[in-house]
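Annotation source TrEMBL lists signal peptide at B:1-21. The Fe cation binding site annotation in TrEMBL covers B:His47, B:Tyr235, B:Tyr236.
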Amino acid sequence: MTVTAAPVPGPRTRARRGAGSGRPAWSFVTFLVALVVASPVIAVVVDGVLNGREATMPRGLGGMVVTTLLLMTGVGLGTLVVGGGLAWLVTAYRFPGRDVLVWLLVLPLAMPAYILGFVFLSTFDAAGPVQSLLRDVLGDAVAFSVRSLPGAIVVMSLSLFPYVYLMARAALVEQSPTTYDAARSLGAGRRRAFWRVVVPLARPSLAAGLAIVMMEVLTDFATVQYFGVKTVSVGVYLVWKGSYDFHAATQISALVLVFAVAVLAGERLMRGRARFTQRGGRGAGLPAERLTGAHGWAATLACLLALAAGFVVPVIRLVGWAVAEARADPEAFVDERFGEYLANSLAVAAIAATGCVLLSLVMSHAVRIGGGRVVGSAASVTTFGYAVPGAVVGIGVLLVFAWADRALEALGVPNGTGLLVTGSVLGILYAYLVRFLAPAYQAVDASFAKIAPSMTLSAMSLGAGPLGVLSRVHLPLVRPGVAVALVLVTIDAIKELPIVLLLRPFGFTTVAVWVYQLAAENFWQKAALPALVIVAAATVPVYVLFRQIRATDRRDARER
Amino acid sequence: MPRSPRVRRPALLLASTLALSATVSGCGFLGIGGDEPGDIQVYSARHYDLEDAFVEFEEETGLKVDFIFGDDAELLERLKSEGDESPADMFVTVDAGNLWNAEEQGVLQPVDSQVLKDSIPAEYRDPGNEWFGLALRARTIAYNPDNVDPADFDTEDTYAGLTDPKWKGRLCMRDSTEAYTQSLVASLIDLHGRERTKEIVQGWLDNDVDIMSNDIELLEAVDAGTCDVAIVNHYYYARELDEKPDLNVKLFWASQDGAGTHVNISGAGITESSDAPKKAQRLLEWLASDGQKAFVGGNHEYPVNPDVAPDDVIAGFGDFTPMPVDAKAYGSLNPEATELLAEVGYE
């Protein structure tokens, strides 16, 4: 693909600064976004420090820190191997079912953690059908508990690998084949070219995917609770709900933030100082080699196995329950307000996804056209929200609005903001922005990292303004990253629970809340149907976007 | 370069999704339009068929109730941060400790009502009249009759009796993050003191107790025979029995020759910020009297009102002596209970 940036006609002849000196307006917007997004988190921490009694740190906090580290390491390795490996498999090879599997492999993301934990335990624990079957075959001695740290690592790796998979795939698709071809023509075998060329080039994206996985592990409460794994997040929960001490809980949340900072620092470190950009614009991806016979089917099997564990088995279990429920009570099977719940979920998710992606584009662009380290740091700050448990973000939003309220009243505005937050979905959208800007920014920024600075510079020196560079140079080049960002935020937003639960106005129910109302009271069979609806709702954006990507990839290939 | 269709198509999809959603939900989600707000607004940490109870109340009185269901601790924080502007008139929660804590945090106001005093025994309501218990749940023993002779249970202190070595490898219980576990341990601390309770919990651990993350799982494990004895809430047993009449599990009322079976209350109070306290009081009074059946029925709980009979399923479990509920103790001892559980390594 060749990029042509035609000179902009008209009177735009003011002197251009170099790309390094920054564009005040764009930098300012980035700072503003960082401030808005960071303030609920800051509010919670400040509130905790101001009002906290002597912090009652939970006993065994050291152990929780170690457990958290072990879990993060385990899940990090697991998702890297599964997600990265599968991304390479579907990109570099063609095999039976590959075209469908490419997008099916994202689906484990659609399974909410609060439902997956239960489904897994009820399926694989001692009293579950799998071990019962084993007992029938092997005798009564078979009875073991899967409720353990390794169990949690396996389950979380299987449900979170799509983050790495998506990022890695976007990176591989964007890679221009020239580097790989050069390596091969210089005598490197496929394997050597993979480890020495492809992987280093994909490193920023792998790092971004891993960072999201780590933050997801940090904030997860549902899965770790099911598997009896005491992470720092469980500490937050125990202090808040067991000791009724919210302020002490926020102080432990601050500890979770320290982990998040470490994760992001690790990500920068993993990206390294090297900047791998490529000439020739966005690549058309690697030439896919056809796998035939047993190799082909082995590849298919590998994808299917990953998919089965993280998606198909839980879905089958849920379908079984839903059918049993429908038989038992056909009348009460579907909630009459079902359509409304679904519409609410989709609307909020669509707005959140659009907002997050637009802001990510603006920020990545602002960092790119100059602004240096300070603007870059401001953009990084916006990703911390992802490492804060949803309920804590929700309370941060409440606090920010409460303060805004008081400030407005002090300025003489009667009633301040009124009940703007909890009286409408505004609070939910704000909290979504705080939480989900991270995956969007990581995805978009990883794509930006592959654009050669010379490209930006040439466009600008040819007379394109910042907006022109964004819409006509950067946007077309980072399209895969944008697609990934849209998918990630949409899915995350559809299944998000604590924020909606906490900030929703009267009468506002999403599908996730519907699941929770039933699951919280252990009506697992009844919760099966709405859980399947979430999965189905998340399938649509995944499918549409992958079709989109494939269609444009093919067209690009033709044009070339 | 013309604007490519690939940018336009997702945009189109997005726009149509939004338009569709707005139409279906009547723009309700934006906080504009939508239904008329109700007469009474309730924040509830309890859901079980509450909607049906509120509909029944509206039919009887013409007062419409709106409610939001959520997590105890989170709804309490929402109430606190909304302050005087909170729309909530009533706060419903599911644990004596939570009721006590809501009072401590100052989000409730006292209600002087003869109906409430007549309907609810004094031990199940706040001496300061800020909160009122409405339903009772018992946490007791479920066992597999094939593997357990109920005569083996210690009838004086059944919970402590499970530390006996004869139960080694046969026990299943809930995890320490669960309020049920915390409140049971808090009640044991109240009863026996911290040191003795620590010995009891340690004794369960020494018996290799298998810890699980929900009560249904516990019951299924007992049914499957992978566990012989579990501690569960009575209504989960009632519900499982509803669904599987051939469930191979029996209930045993704990500590009947001693302090009684551990019970806890769900209840409600009227919020400090309420702008319709009289209407909210009417709802509260209804829930404690005519509405008792509607409030507890969907969940097989015991009514607090002695004039209301429990439903048929749980009536079949027989009478039992409950351990007296001390909300203040449960609430104030809960932090100690969580700490004790962590200290002995009960996960």
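Every residue, even glycine, has its Cβ placed from backbone N, Cα and C.
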Filtered binding-site residues - B:His47, B:Tyr235, B:Tyr236 - keeping only those with Cβ under 8 Å from chain A: B:His47, B:Tyr236
Fewest Cβ neighbours within 10 Å, where candidates are the binding-site residues B:Tyr235, B:Tyr236: B:Tyr236
Number of Cβ atoms other than its own within 10 Å, given for B:His47 (Fe cation binding site): 20
B:Tyr236 (Fe cation binding site) - helix vs strand vs coil (DSSP): helix
Three-state secondary structure, which DSSP defines for B:His47 (Fe cation binding site): coil
